[in-house]
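Novice: Just lifted these from Swiss-Prot, have a look:
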- 64, 75, 78, 92: [2Fe-2S] cluster binding site (BINDING)
- 124, 128, 131, 137: [4Fe-4S] cluster 1 binding site (BINDING)
- 176, 179, 182, 226: [4Fe-4S] cluster 2 binding site (BINDING)
- 30-108: domain '2Fe-2S ferredoxin-type' (DOMAIN)
- 108-147: domain '4Fe-4S His(Cys)3-ligated-type' (DOMAIN)
- 245-301: domain '4Fe-4S Mo/W bis-MGD-type' (DOMAIN)
- 84: N6-acetyllysine (MOD_RES)
- 461: phosphoserine (MOD_RES)
- 467: N6-acetyllysine (MOD_RES)
- 499: N6-acetyllysine (MOD_RES)
- 709: N6-acetyllysine (MOD_RES)
- 1-23: transit peptide (TRANSIT)
């Protein structure tokens, strides 16, 4: 059953059109009429019986079919009767023909489904009371709806040995119904061939053949698509039932993609994180870091204000004392003697509040941890630092050139889009930078940034590929811009993009230039006028420094004067907190309603799922309280008022789920002429080369035991983190 779909995936042929609606043939211009239980519906030729039924709102039961995966047709649960046909047909795989009358609830259809369900349940264990899939199990629901009320099976049930495929996905393979969704997901979406089947008939098993870790940054998604309890979450095992939890729609901040998520909580604790559908960003997938790093929200948290005593030790204190100390110091300095550094997990509301606070003392010394060139157009033009084509726009591109980036681990969901387009749309991919293990074939052009200048001048062989491109896309990794020649690299890419526009038939509305960011706060910070990088602080060390969630280690105590007063405000005791003279505990992304802007410039909101631990408070509220004690009260008291202020400074920050048009590429190219354009020959090396570098990149994931287990499993093998099962 699997050979044809997997073969298609491996050779890059498509058995589905672009997007997520799939047909099995070429769509003609004329619609054809079919009938579903006597109801007329017009569909395109090649539409399957199942799709035609869904068009009129008729749900057909299925286990193996998934709208984003190839058709396997091996569970047979979707059998329906076609009027005047001798036998029932598999609705997921059979294309409709003109005039067909599909009978979804005939006696023949019901009997067929009942028979299939009986065979599925024959070997399925009665684990429902102890199965983590209970309450959201397709087999439970469909056996109730379409199965028989009694069993005729009296023999012994078969049992299958469980597989250890790592610290994230728990396997109880006796429950497996061989739908092969996990195999097709791994091969087609994740781009790894770790999963497969062995044996046949009653002896068929799904697994890795040789016991090893399921090595993918998207592996947790097999938990969602598994229709039974064969694949479940190891960290979530035996902790809660779905009906006990409260679901809060939010967004992820582990990278700059802004994946939509659902945070499940119980009694003030995050129990698990699931994906939420958003066609333009993450479809219905999320990365493993997004899904499993939530246990880091419970560890190494800052729960009370702290001050450094005479002995140099940090001790707990009250909010009044901590804020009074900070306010007293703030009143002693003004101008650029006061500075601030914003970290990667900071929300836009806190960024604008801190900006207003420092502006009140005549300081504009506001920096981000991430470096971005400010020469030429720099950050003055928004199109200069965004993924202008958008994430979904990758599906329209015909050529993608990756420069100094590894999207597989920097932005896994963006990488999944590239693979989807490569698989289905014959996308050509090339890479300039260190060779990395991507999930699709690519042409490695070399690792020197000088290749950019060769392409711009027309001397490189890749120019022939670009000449034929109608919708080329250049993706420049933000880490490539953090080198000493970052500005020259940005100019080289900008010049190359303009040359592509001149020499090819690229439409004026198509955006070629794209920057792929790695951290969630960077775009909002640049929108609000923060200076990228901390070089200005190193050159002119301040007397007072605010570290707002700054845990990247971009500045150390040795870079600052001994008498510099440091205030750390954040939610984890990570890199920044030990440097501080005063610590102000803030709220994590699951504990506040906050605005984040993703790499394509799309503003989105997190929602309050749980309350902050201990005495921790939302960041903008802490800054507002500090301003009042310091006698420079900020002009807002509520979240709505803060967002009104956001709109004054940068209106796009409150246009939620909307992308503003960016078209200032010609102006950026002209300003680039003012920049030193000499690039170094040093190779472009992305910071996240392997999957080991993917798991622990911020204060939350570094505090996560699950992420630490993943790193150990990758380096030492899945057996190194194997835990005894109680089930």
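Glycine too: its Cβ is placed from the backbone N, Cα and C atoms.
Show me how these features fit into the shown structure, please.
Specialist: Listed in sequence order, 48, 49, 50, 60, 62, 64, 65, 71, 73, 78 are the same-chain residues six or more apart from residue 92 ([2Fe-2S] cluster binding site) with CB atoms under 8 A from its CB.
In the three-state DSSP scheme, residue 137 ([4Fe-4S] cluster 1 binding site) falls into the coil class.
Reduced to three states, the DSSP call for residue 176 ([4Fe-4S] cluster 2 binding site) is coil. Taking Cβ-Cβ distances under 8 Å and a sequence gap of 6 or more within the same chain, the neighbours of residue 176 ([4Fe-4S] cluster 2 binding site) are 160, 205, 206, 228, 230.
Per-residue pLDDT, averaged over the domain '2Fe-2S ferredoxin-type' (30-108), rounds to 94.
When Cβ-Cβ distances below 8 Å are used as the criterion, the domain '4Fe-4S His(Cys)3-ligated-type' (108-147) is approached by residues 61, 63, 75-77, 79-81, 88, 153, 157-159, 170, 172, 174-175, 177, 202, 226-229, 232-233, 236-238, 241-243, 727 of the same chain, each at least six residues removed from its ends.
For the domain '4Fe-4S Mo/W bis-MGD-type' (245-301), residue counts in helix, strand and coil come to 10 helix, 23 strand, 24 coil, using DSSP.
In this chain, none of the residues that are 6 or more apart from residue 84 (N6-acetyllysine) has a CB less than 8 Å from its CB. Classification of residue 84 (N6-acetyllysine) by DSSP places it in coil, neither helical nor stranded.
Annotation note: residue 461 (phosphoserine) sits in a coil segment as assigned by DSSP. Counting only residues at least six positions away in the same chain, no Cβ atom sits under 8 Å from the Cβ of residue 461 (phosphoserine).
Sequence-distant neighbours of residue 467 (N6-acetyllysine) (same chain, 6+ apart, CB under 8 A from its CB) are 503, 504.
On its own chain, residue 499 (N6-acetyllysine) has 455, 456, 457, 458 as residues at least 6 apart in sequence with a Cβ closer than 8 Å to its own Cβ.
DSSP gives residue 709 (N6-acetyllysine) a helix state.
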Novice: How far is it from residue 226 ([4Fe-4S] cluster 2 binding site) to residue 709 (N6-acetyllysine), counting Cα to Cα, in Å?
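Specialist: Residue 226 ([4Fe-4S] cluster 2 binding site) and residue 709 (N6-acetyllysine) have their Cα atoms 23 Å apart.
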Novice: Using a 10 angstroms cut-off on Cβ to Cβ distances, just flag whichever of 75, 78, 137, 179 is the loneliest among these binding-site residues.
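Specialist: Candidates: the binding-site residues 75, 78, 137, 179. Fewest Cβ atoms within 10 Å: 137.
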Novice: With the cut-off set at 10 Å between Cβ atoms, which of these binding-site residues ends up with the most neighbours? Options: 128, 131, 182.
Specialist: 182
Novice: Using DSSP, tally how many residues of the domain '2Fe-2S ferredoxin-type' (30-108) sit in helix, strand and coil.
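Specialist: Final tally across the stretch: 9 helix, 21 strand, 49 coil.
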Novice: Quick one: give me the count of other CB atoms within 10 A of the CB of residue 124 ([4Fe-4S] cluster 1 binding site).
Specialist: 21
Novice: Within the chain of residue 709 (N6-acetyllysine), which residues six or more apart in sequence place their C-beta under 8 angstroms from its C-beta?
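Specialist: Looking at Cβ-Cβ distances below 8 Å from residue 709 (N6-acetyllysine), excluding near sequence neighbours, one finds 167, 721.
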